[in-house]
Amino acid sequence: MAAALVLRTWSRAAGQLICVRYFQTCGNVHVLKPKYVCFFGYPPFKYSHPYQWLKTTAALQGQIVQFKLSDIGEGIREVTVKEWYVKEGDTVSQFDSICEVQSDKASVTITSRYDGVIKKLYYNLDDTAYVGKPLVDIETEALKDSEEDVVETPAVSHDEHTHQEIKGQKTLATPAVRRLAMENNIKLSEVIGSGKDGRILKEDILNYLEKQTGAILPPSPKAEIMPPPPKPKDRTIPIPISKPPVFIGKDRTEPVKGFHKAMVKTMSAALKIPHFGYCDEVDLTELVKLREELKPIAFARGIKLSFMPFFLKAASLGLLQFPILNASVDENCQNITYKASHNIGIAMDTEQGLIVPNVKNVQIRSIFEIATELNRLQKLGSAGQLSTNDLIGGTFTLSNIGSIGGTYAKPVILPPEVAIGALGTIKALPRFNEKGEVCKAQIMNVSWSADHRIIDGATVSRFSNLWKSYLENPAFMLLDLK
């Protein structure tokens, strides 16, 4: 099968130069291998068509495209390159991961919008990349079809199986999709595309393959089966282990970036807020018992149940009674916005620094649903893979500093929020019961901070007392759950 590009017309009396490009067949695949042959006179092949003048162009052209860092949103103008998933010379397809970048709010994976070959990386690891500037150069491969005076030709029969398109139509598909069809011996002309303008997508190939052959697609990943919880052991006092020094040697200077840069902005803004502090202790004896009863049930559902879901739900119930604590103020403190959703943030310590993802809509979630979301956020936070959506939109914050150590803290408000709580370590301490007898109690201290410009001390105290009552008597939460 051949397509001819006639560079000049010729007369039957005088031969002119003709350049011919052949499409050679390799197995079941058409591979474009240009072979330029010069003839004087008529070409040595015959057109299987009654018309004499056939002008067709088929050419593969490579183009270097500067792949620029697009706007990530949230006013982010610069990011830090944390990891490259490609190197120069690698072949990429659309939606393949190019690199991972980190802003002062979240880590984002950048994906390719082109099929082609990576020609240049503009940044090294830990370099600062700017929105709108080139990230990589990609040499694209686009089949450029320009037809003049197109005349349909009869289909050419081959002994070998070939992928031929419907006459007069062009099948839209990326090279990756064509490769998938080729590997599974599928004619693209028989597949109905679901993409724009009938473009054939990868899903269309997989669906076609499943219908034709009954192929079983790879199963979706199942929930990881957690090992049975270990039996509780006698509590022993841990012996401090001295670790080798983290840093020795000469002084060095490095720029503040990533989450540390976000902390600079947030804490500088928080310094302008007059903080009101309030501390109290909470007896969690009954909650500790309840959690031990619910842990096996949560484990059967694949959920790791900590105390935090109870703390968040109790806080949400309290915010329903004191909505001023779930509000925000503008920069000049002229307007108060009361938030309908309780998006409660959790201060999380990671290798990348302090991050505060939030659980969305705590007011409509159950304890188990909150625990499931916390498990997800903690897993992504440890891997540095939290999305921007996980980190924005917070309305109230709890900091579980007690998981590391400490009894009291002085939490700093995260603008534009107006309140935050810090939770201390749960300790077994002697306390008096209602009969005046000394008994063992599970005590946790809590420290609150509120924006004293719009929140008075009495409001914080009443909120804390209500939150405390829910945790000291977990059954009370059932009365107010909706």
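Just so it is clear, glycine is given a Cβ too, placed from its N, Cα and C backbone atoms.
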Annotation match for N6-lipoyllysine in Swiss-Prot, from Lys105, Lys170, Lys339, Lys379: Lys105
Site co-member for CoA according to Swiss-Prot, given Arg291, Ser306, Asp349, Ser399, Asn400, Ser403, Gly424, Ile426, out of Gln94, Gln102, Gln378: Gln378
Cβ-based isolation winner (fewest other Cβ atoms within 10 Å) among the binding-site residues Ser399, Ser403: Ser403
Nearest-integer angstrom distance between the alpha carbons (Cα) of Lys304 (N6-acetyllysine) and Lys289 (N6-succinyllysine): 16
Those modified residues listed as Lys202, Lys289, Lys435, Lys440, and which of them has the most Cβ atoms within 10 Å of its own Cβ: Lys202
Three-state secondary structure, Lys440 (N6-succinyllysine) (per DSSP): strand
Helix, strand and coil totals (DSSP H, G, I; E, B; other) for the domain 'Peripheral subunit-binding (PSBD)' (172-209): 23 helix, 2 strand, 13 coil
Rounded Cα-Cα span from Arg291 (CoA binding site) to Lys261 (N6-succinyllysine), Å: 38
For Lys440 (N6-succinyllysine), the one of Asp349, Ser399, Ser403, Ile426 that lies nearest, given that the binding-site residues are compared by Cα: Ile426
All-chain count of other Cβ atoms within 10 Å of Ile426 (CoA binding site): 17
